[in-house]
Structures are given as structure tokens and as C-alpha cells.
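Worksheet for the structure shown next.
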Amino acid sequence: MAGQSDPHLPMFTAPEVEFLAEDEIVEIIPNVRMGALHMICGDFGPFLPQIAVKVPLWLAVAMKKRGKCAIRPPGWLSVDNLTQVLEAERESPREFQALPFHYVEISRLLFDHARDDIPDIYMVRSLIEDIKGVRFHKVETGLETISGRTHAVKLKNLSAMEVNIVRPFLVRTLQAFYKHDSPQIVQPQGSLNSKRPQAADRGPRRDLRPR
Amino acid sequence: MVSTAAGATSSGAGLEGEEGESIWGEDDASIAETTDVELLKRAWRNEKAAPEILLFEAGLVQRAREQIQLLEETVEDFVENGTDDLIVSLYQMDLDRSLFLLRSYLRVRLQKIEKYMFHISRTDLWNRLSEQEKKFSKRCVNAMEKHLEQSVLSRLPYGYQSILKQSISSEEDDMVPEPKLDTFVFCKSKGAVGAFQLDDVGDEIVDLVSDDLYVLRYKSIKGLVEGGRIDLV
């Protein structure tokens, strides 16, 4: 059962995660005059030239595409901050630094659509790539520490896209361990296959291993 | 939405010369939390991530429908009286996004119903469905019963003809697919839930702090999800 291919309902796809990220609020500096927008997802504006205003990312990107605004990159998306984050990320092999939950998607969208609004874009971009790399390496090594005794995993500061990537591995692994470790399942099997001696005591099986 | 930001102060060099203002969008997120779109998004996420079907958000869906309809009419008016293209297209995008959320939410539920129709129709999960979903579920069950009956079951020997059981000697309904509540889910607590017991035995306790991300067994946090104290991601 554990190795069975997809017994699950489809989870979030990458575009769906991006969809969620597009609701994050960013600041834009419009170059047009436009009345306030009363939308289902909230009220935004009014828009006045050179006056910064907060809007969801999708709205910012849509206006940017038409050349109606400049997007002000969020504070965390700067060389200074990202350098610090990367350093800290490298120094603490078991912890993830605090970054916005959607940092991967937000930075990607801004790199794609607002490259001229981000100072030092090449530097920023490669820092983000490095941070992603370091964090993902941590996730991978973290996966190795999972054992039959793991019944809860704490992933403080793991971002949405990272969650989405590790989800299938992590869930399957935990499930498989849980299943084979669970006495309710193990016992009836043991009584059926009498030829295989049953490990009588598997020790305390619920041991929380927070990370 | 944003994880608790600790080291955001990079005001050293002042590249952009921004004042110490938080640009993390945190404060905005807490305001936006109350809109129906935000609620619908949460319902959609939870529904997608939970193995079993959750309670139908009747009021929320109703409100979302009304707002979508209203905006559809507004957009039509805009087109007629020649409002600026930019404004029309922005509203259209807002509309499309809301429609996507609503459709996807309803669709995930239908998928679950199709998958677990026998289980749902035989347990109190039935009460979590909307009227339309109940109708759909009944039709699904009928169609599936008829199909299995005609194609397979009627040709099997006596004792093996039940849709619900492998054979007449099965004590339980062992041919009914059930959602796996034992599965693990990613979740984020909204407020501090505090020390939380993971199972009946009680020898495993997790301290759920606000905004922490955990991977836990769905079964053990089921109550928290249903009570809206924890969000699945």
C-alpha cells in the first residue's frame, strides 16, 4: 500500500500556489489618475500619479504590464537584507530564516514583470536562488532524520512553495512509517503469518521529534 | 500570510531610502482576512488539503455568488457605457479570480463525493453536504450501483454480489473506500492553540504556537480544523 501510486486527491499545483501569492499586498506608484476600485477582494485606490498605494500583487502586475505604474519592491527583497538572510541561513543548519510565506512566488513574479523596478536585480536574483538552494538542501537533509518515531514535524518558516515541493515525499514517508509502526495493523498480520516471529515490544512508539 | 518577520530591518545602507515602515504586508493581511474572498480562500485550502469532506460553507458560498453576480452586472454596465479599458479589465480579473476560487472549491468537493460516495451516504458526513451536493451524490450512487450491478456483480456467484462487502462472510463493509484520516497534513495555527494532545493515549503533546508550521496527522487535529482554529496549507 505504501508504495502505491497516487491514492490521494490532487493537492495544490504550482500555479495554484502562485495564485495564492498574488493576493499578497505590494506598493505601487501609479502614473495615471484613476478612481478607487471596489472589488470583491477589497477596495483599492484611488490612484494618483506619484502617490504610493497598496494593492494586491496581481493588480500591480496587471497595471505594470500596461505601463501604468512602477512596483516598489518589498523591503525584504533588497541586497542588504537577502545577504543577511543567506548568511544566517548558512550558519544555522537546522533552522529556516523568516521570509514571507510566499517569497519564492513573489520574487519570481517581480523578476518576470518588474525587473526595471528592482535595484541590483542580478544580485538580488542570484541571492534568492542561493537562499532557495540552501533552504532546500536543509529540507532534504531534514527528510533523512525522519524515522518511525516521528509523528509530528515542525517546519517553522518553511515557505509555501517549499511546502508544496516536499509535501508528497514527507507525507508518504510519514504515512509509511506510521502504518508499519502501528500496532493495530501489525498485530493481526503477526497472528496470520505465524512463521514470522513478531517483535513483541516495539518500545514507546510515539516520540515527538520536533526540528 | 507572512511568517513572523524578525530580521527585516536592513536600514543600514538605505538603498531605497525607505523609512523604517514595514513593507511586509502583514498589517494588510490581517485586515483582508475578513473579506469573503479571504474566507473562501481559506475554505478552499482546507477543503483541498483535508482528506475527508468538510462542512459546506453555505453562507459564504451564497455571499460569494451574490458578489460575483453583482460584479458581472457592473462589468457589463462598464462595457456598455464605455468605461476605460484598463478599469474594465482590472475588474474582470478580480471577477475571474473570485470565480476560480468558487469553482475550484465546489469542484474539490465534487471530487471527494465521487470518490467516497458510498462512505459519505452511509455516515453523518452526509450532513456536511449542500442540497445540490446531496442530489449529486444520490445520482452518483445510483449510477455506480447500476453500473457495478450490470457489469460485474450480477455475474458473480451468490455471496459475492454485494456492492459494500467482499463476500457475505465479511462482517464490515470492506469494499467501501474511506478517506484516510491517518494521513499527514501541513497546518498552520492561527492563534496560539497551546499544548495540544496528539492522540488519545496522551503521551505525545505538541505546543502549537501562532503561525508555526507543522506536519501532523489529520485525525489528531481534525477538531481544530473543524473549529477553525487551525488552517491547512
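In case you wondered, yes, glycine gets a Cβ from its N, Cα and C as well.
Note that TrEMBL annotation is computational and uncurated.
Annotation source TrEMBL lists compositional bias 'Polar residues' at A:185-196. Residues annotated as compositional bias 'Basic and acidic residues' in TrEMBL: A:198-211. Positions annotated as domain 'DNA replication complex GINS protein PSF2 N-terminal' by TrEMBL: A:13-71. For A:76-172, the entry in TrEMBL reads domain 'GINS subunit'. The region 'Disordered' feature in TrEMBL is assigned to A:185-211.
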Per-state residue totals over the domain 'GINS subunit' (A:76-172) - DSSP helix, strand, coil: 64 helix, 2 strand, 31 coil
Confidence summary (mean pLDDT) of the domain 'DNA replication complex GINS protein PSF2 N-terminal' (A:13-71): 95
Per-state residue totals over the domain 'DNA replication complex GINS protein PSF2 N-terminal' (A:13-71) - DSSP helix, strand, coil: 17 helix, 21 strand, 21 coil
